[in-house]
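Chemist: Below is one structure. I have some questions about it.
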Amino acid sequence: MSKPLYVLNGPNLNLLGTRNPEVYGTTTLADIEAMVRERAGACGLEVVFRQTNGEGTLVDWIQEARSEACGILLNAAAYTHTSVAIHDALEAAELPVAEVHLSNVHRRESFRHRSFVSPQADVVLAGAGAYGYVMAVDWFAQHLDR
Ligand code: DQA
C-alpha cells in the first residue's frame with residue numbers, strides 16, 4: 001500500500017481565521033485541511049494532516065515521515081526562519097519536500113526572508129494563501145513515483 005503525504009503545520013497556524021486576517025485571510029486550518037483532503041483524494045493520495053506549536057514535535061514528525069510518508073508538505077511557520085533542527089531533520093528524511101507559506105514572506109519583514117526549510121525543499125510556494133497547499137498537493141501527485 002502506498003504511503004501517505006504528511007502535511008505538517010507549525011506554530012500559531014491553529015489560530016488561522018482569527019489571526020491577522022489582513023495577512024492570512026479568514027480561512028481556518030480546518031478549511032485548509034478539507035481543501036487538501038479533497039484534492040489529495042482526487043489525486044489518489046492519502047494524507048496525514050497535523051499542527052503543532054512545538055519545534056521538537058515538528059522534528060519528531062519529520063523523523064517519523066522518513067519511514068512512514070511518501071513526502072512532506074511543510075508550513076513550519078515562524079520556525080522556518082529560525083530552526084536548524086528542522087533543516088537537519090528534513091535533510092535526514094530524504095523525501096520530496098514542498099515548503100508552503102500562506103503569505104508572501106518576501107514582501108514582509110526582512111527576518112522572514114531567510115528560510116532554513118528552502119535549502120531542503122524541492123518546491124517553495126508563498127503568497128497564494130490556502131491555494132498554495134492545493135498546488136503543492138498537485139505537485140506531489142505529478143512527481144511522486146507511484
Ligand atoms: C507563514 C509565514 C511565517 O513568516 C509566519 O511566521 C507564519 C506563517 C505563512 O504561512 O505565511 O506563522 O509561514
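Note: Cβ is positioned from N, Cα and C throughout, glycine not excepted.
Not my notes, these are from TrEMBL:
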type     : residues                        : note
SITE     : R19                             : site 'Transition state stabilizer'
ACT_SITE : Y24                             : active site, proton acceptor
BINDING  : N75, H81, D88, L102, S103, R112 : substrate binding site
ACT_SITE : H101                            : active site, proton donor
Chemist: Are there residues of the same chain, six or more positions away from H81 (substrate binding site), whose CB falls under 8 angstroms from its CB, and which are they?
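Modeler: Correct list: F111, R112, R114, S115, F116.
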Chemist: So how many other Cβ atoms are close to the residue listed as 'active site, proton acceptor', meaning within 10 Å of its Cβ?
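Modeler: That number is 19.
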Chemist: Of R19, H101, R112, the recorded positions given in the record, which has the fewest other CB atoms within 10 A of its CB?
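Modeler: Candidates: the recorded positions R19, H101, R112. Fewest Cβ atoms within 10 Å: R19.
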Chemist: Among N75, S103, the binding-site residues in question, whose Cβ has the most other Cβ atoms within 10 Å in this structure?
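Modeler: For the binding-site residues N75, S103, the Cβ with the most other Cβ atoms within 10 Å is N75.
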Chemist: Quick one: Cα separation, H101 (active site, proton donor) versus the residue listed as 'active site, proton acceptor', in Å?
Modeler: 10
Chemist: Given the binding-site residues D88, L102, which one has the fewest other C-beta atoms within 10 angstroms of its C-beta?
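Modeler: Selected from the binding-site residues D88, L102 on minimum Cβ neighbours within 10 Å: D88.
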Chemist: How many Å separate the Cα atoms of the residue listed as 'active site, proton acceptor' and S103 (substrate binding site)?
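Modeler: Their Cα atoms are separated by 6 Å.
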Chemist: Among N75, H81, D88, L102, S103, R112, the annotated substrate contacts, find the widest CA pair distance and round it to a whole Å.
Modeler: 24
Chemist: Among N75, D88, S103, these being the binding-site residues, pick the one whose CA is nearest to that of R19 (site 'Transition state stabilizer').
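Modeler: Comparing Cα positions, the closest of these binding-site residues turns out to be S103.
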